[in-house]
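Comments concern the structure below.
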Amino acid sequence: MTRVFHPALSGPEQSRYQITDVASVSRSGLCINESPIRDRCGRTMGDLRLSVIDQCNLRCRYCMPEAEYAWLPRADLLSVDEISLIVDAFIAVGVDKIRLTGGEPLIRSDLAAIIEVISAKVGDGSGLQDLAITTNGVLLADQARKLKSAGMRRITISLDTLRPDRFKAISQRGTHYKVIEGIEAVAAAGFTDTKLDSVVIRGFNDDELSDLIEFARNVNAEVRFIEYMDVGGATQWSMDKVFTKAQMLSTLGKKYGPIAALPKYDSAPANRYRLPDGTTFGIIASTTEPFCATCDRSRLTADGIWLHCLYALSGINLRESVRAGASANDVVQILQRGWRDRANRGAEQRLAQRTRQVFLPVSRLKRDPHLEMHTRGG
């Protein structure tokens, strides 16, 4: 396999690098900074999307439509202890929100143990404030209570359609009923602030916006509509399939009347709105209105590659450093250097291209599975 990711420094080489701006020590004993670390664009680090597995039990046409994929070697996946160490380092440099992703995270057999070690860090004075997970919901009915017991705070479920026939067409699986059962199980388990993520594709499900809002309201959740994104490969993305934020608001305005935009207080990607009856929903317009300028998000693949951007073509291999003996403080140094060098504005650069070609061809993705969006939390 062609390696395009740059290994992080490990072993003796790391001793040449010192933390020069340490001002305090966290509860975990890690050196931290009094002032936030900023990248070259002035953005701080706050949100980590942590993939725990690259495999998925669906084959959604906008994400991973092919029958077979080159999976990451199982021995390369970060262990629970390795995840805990790396998470400590991320918290020490400013991460206050962590979201577990996949692939499909509920496939991983030791997911509960991962949740337990991370949830124990939430609210302990370290700075971590939130732990959430994104799932396709297929396995959720059987695992919702287990996730709650392990310490999961919030759940986001992907739900693009309420029609079983459309679900099968987009996911290539007949498990729509399991997703609905999973959503109901989340409410029964006592979760609140639940989100339903719906990728809106022109000519496919753009006629279901109000139905999805009503469904979300009935299950005590909030729907977030997502513009169809270009993730490359065999997805056959094209700009003419994008149903834009403006078009969504126009469609919903005709149905419900005046829609009020809600104030935005953080760097979350969704813009939130309120209907006349008080129902709220969100729109993530990452295709037509990229949020690169305020993006505080980075990604960690299931095998420990740290990516500064969803569209990054290279990253830093934290797994190699940890397995070579790096401590959490060593990882802190790697993160500090890496974030200060960050200048990624991937979605803005894609938007600026006059002719939108496929992000990455299938042939290149087959050579390096790290470039697949499903390995980096999509």
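Note: Cβ is positioned from N, Cα and C throughout, glycine not excepted.
Within Arg43, Arg49, Arg342, the residue that Swiss-Prot lists together with Arg99, Thr134, Lys195, Arg297, Ser298, Arg299 for binding GTP is Arg49. The subset of binding-site residues (Cys56, Ser298, Arg299) lying with their Cα within 10 Å of the Cα of Gly103 (S-adenosyl-L-methionine binding site) consists of Cys56, given in sequence order.
Of all the binding-site residues in the list Cys60, Cys63, Ser158, Met229, Cys292, the shortest Cα-Cα distance to Arg299 (GTP binding site) is found for Cys292.
Each residue contributes its Cα atom, and for Arg297 (GTP binding site) and Cys309 ([4Fe-4S] cluster 2 binding site) these two points are 7 Å apart. Taking the Cα of Met229 (S-adenosyl-L-methionine binding site) as the reference point, the closest of the binding-site residues Cys63, Arg99, Thr134, Cys309 is Cys63.
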